[in-house]
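A.B. asks: TrEMBL lists these features:
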DOMAIN    22-86  domain 'Pre-SET'
DOMAIN    89-213  domain 'SET'
DOMAIN    235-251  domain 'Post-SET'
Amino acid sequence: QYSPDSVAGADGELDPTAVTFPGCSCRRSSCQAPECPCLSRGHNYSSQGLLRLAEQQEQPFSRPVFECNSLCCCGEGCQNRLVQRGLRLRLQVFRTQRKGWGVRALEPVPRGSFVCEYAGEVLGFAEAQRRIQAQTPQEPNYIIAVREHLHDGRVMETFVDPTRIGNVGRFLNHSCEPNLFMVPVRVDSMVPKLALFAAADISAGEELSYDYSGRFHNSPGAGREHKPLEEENSLRKPCYCGSRTCASFLPWDGSLFSTP
């Protein structure tokens with residue numbers, strides 16, 4: 001079932017549509033930093049609608065993005081409303097030679113552009129673990145686990161499963177040298193939208209990909225992927241990205257497979 005936005009999972013633990021953030025009181029048509037509290041929380045966009053990337057490269061970790069929301073006083077044309085407007089680019093799902101389905105751009109995509117969201121059912125840990133343990137090694141896994149490391153040492157986890165309900169993001173392939181990177185973008189609540197942005201200028205017809213491990217645009221140790229045990233290698237899937245630095249296997253995180 002196609003859904004442009006994430007929905008609450010069958011476990012009903014998290015509702016991504018709930019409005020829990022206060023709105024800004026900016027009266028201008030487009031908010032500006034540092035007056036706007038939404039913009040002061042993290043990264044923001046340029047007047048061309050591009051994610052500002054320069055500061056991100058200077059820091060070991062990505063900063064969050066908070067967009068203006070439904071309770072904000074600014075107008076719908078505010079430049080701090082980007083991901084919430086949804087897909088704007090022309091994308092095509094196509095059959096690749098070795099990787100199954102893939103996605104390519106049908107138009108040039110400038111660096112820093114919002115490409116699409118990875119949308120699906122938002123699950124709690126228990127349901128995500130139940131679903132992933134019920135899969136056979138032959139089945140494709142679409143469940144993504146995103147972990148955000150806060151300054152005080154806490155870790156926020158978001159699990160999204162587009163297996164049954166999702167959007168075009170579920171067809172994006174992994175690459176060890178990707179042209180997209182994922183940023184959690186918050187609009188109305190702490191449940192983030194998993195937004196994918198262009199890491200470089202992308203040509204029309206070029207396949208779109210991101211690093212499933214989350215390493216890209218973060219420090220090398222940012223991902224929680226560990227060196228798999230030999231017996232776990234049987235569960236891993238080969239990587240066919242073809243890049244010079246290909247790791248031979250798709251990224252692995254065994255935490256959803258482990259038992260308490």
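The backbone N, Cα and C atoms fix where each Cβ goes, and this holds for glycine too.
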A.B. asks: Just give the helix, strand and coil counts over the domain 'Post-SET' (235-251), going by DSSP.
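C.D. replies: Across the domain 'Post-SET' (235-251), DSSP assigns the residues as follows: 1 helix, 2 strand, 14 coil.
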A.B. asks: Within the domain 'SET' (89-213), count helix residues (DSSP H, G, I), strand residues (E, B) and coil residues, in that order.
C.D. replies: 14 helix, 53 strand, 58 coil
A.B. asks: For a three-state summary based on DSSP, what are the helix, strand and coil counts in the domain 'Pre-SET' (22-86)?
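C.D. replies: Breakdown, helix to coil: 11 helix, 6 strand, 48 coil.
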